[in-house]
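See structure below.
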Amino acid sequence: MHPRGAPVLRISMADEPSQENGVIQSTQGLYSSTSPPVSDDEPFSTYFEEKVPIPEDVTQMFSFRKLWAFTGPGFLMSIAYLDPGNIESDLQSGAKAGFKLLWVLLGATIIGLLLQRLAARLGVVTGMHLAEVCNRQYPTVPRIILWLMVELAIIGSDMQEVIGCAIAFNLLSMGRIPLWGGVLITIIDTFVFLFLDKYGLRKLEAFFGFLITIMAVSFGYEYVMVRPDQGELLKGMFLPYCENCGSAQMEQAVGIVGAVIMPHNIYLHSALVKSRQIDRGNKKEVKEANKYYFIESTIALFISFLINVFVVAVFAEAFYDKTNIEVNAKCNESGSPHTDLFPLDNSTLQVDIYKGGVVLGCFFGPAALYIWAIGILAAGQSSTMTGTYSGQFVMEGFLNLRWSRFARVLLTRSIAIFPTLLVAIFQDVQHLTGMNDFLNVLQSMQLPFALIPILTFTSLTSIMDDFANGLMWKIGGGVVILVVCAINMYFVVVYVTSLNSVALYVLVALLCIAYLSFVCYLTWQCLIALGVSCLDVSCLGSRVSNNRHAVFIEEQPAYDT
């Protein structure tokens, strides 16, 4: 580790240490070696005040007792796949494309699992989460820019989650609780719930499991009540084709990928895995932890995928190709007070999480509306809590904060709550779809700032030792990240061009120059870590300077031998 303010140590990218002009050159480009914490006195400890012990069981290849001990972080991570932004993307997918885009949801979830695997491995092997590693490996200016970009992603996600909770309160109260009132309630109950881990980390994880169960039961109830066509569902899930799809369906497919793969979730998962007692000096224990965390994450994301499928299928079966006038007539017939939400025209029904609850109530009775609202409340509340944890991990890691617990919670909540409260005061509940689109774009733009660093650091043997990415993971990870970022950039371009404002185009063009420059910087560093040694200008500089003022370090093993 290099001390704060020290120059970044640079070493070459040769496959083996070599002697040239008397200078020893090691193997990992622009990064210093990172030793994992080995004792409880290590200042960079987990955020949680306790660590869950792992039972000893040397007689079995697989142990359910050990899997249970490792179960928790993956389910907290999977909450991000079930937040109100994802639920809204699901229902819009069903309403606009029927079952035809389920395969996109499946593919995005699998890609998300692979990326979460990298995040978990980084936390397990190094004993530090991604923000802490970035803090130690990047120079000061890139580190600060990276922190600001990740904070923007967290704020955007948190605003969606808090607004989702506020909409749920509005639906449950039949409009008596305004949006701003729902936001204030969410602030208070989030503070209360966040201190549950004072009673034990496992109790906190059990509470998140309870909220996931509420979502599964709520959206599962809607699924059973609507009884979607199972044949069409399976066809849409496993046949990667979208018959008679146009630009609206294409944009929705891109939106699904953007909603599922969340940048702050990579930082969150790499920190959550630190909550288990693992001897990082023992390679066998580290390998075992990686295995069980991957199994647990797979189970958690499978459950979140099923819940997402419930929502898509309900709206695909009941509301695909429905027109506003049809829904208006049905709401009139049922006596709903929300008939004015649907104009008397033949345009295709446009839904969000608020209108989604209303149309469910019109077609399937008031119980469907209230159960929908309960599911949205569970999704919003749980994701708001994990979003707050993400903010604390990121702020701790990048800024090296050592504040009191209450001060950290207060600061990270305030950063997201104040803009959310302003939006809630000046916007009514029927006009939040445009805000949701903007927040999705904001988070899409931040994806490179999580995906590129996680691939970079998990590919470095100076950081990961024997657990560094192999050639297939380097190539596959690079391709996946390139595709995901390209898809999300397309989503951003579509959104910006729909604004039809020349002044905004000029502003966006200027911002894009700075944005792309920083992405190129991160990509350059990542390519060096992946083994493209010709990009390592430090190696060239060392030859030209003939060893003058050059500083090199030898790679340190991550484990005691």
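Using the three backbone atoms N, Cα and C, a Cβ is placed for every residue, glycine included.
Looking at the stretches 68-85, 428-445, 446-463, the one that TrEMBL records under the feature transmembrane segment is 446-463. Between the transmembrane segment (102-124) and the transmembrane segment (406-426), the number of CB pairs under 8 angstroms, six or more residues apart, is fewer than three, so the stretches are not in contact.
Contact between the transmembrane segment (253-272) and the transmembrane segment (446-463) is present: at least three CB pairs lie under 8 Å, with pairs separated by 6 or more positions in sequence.
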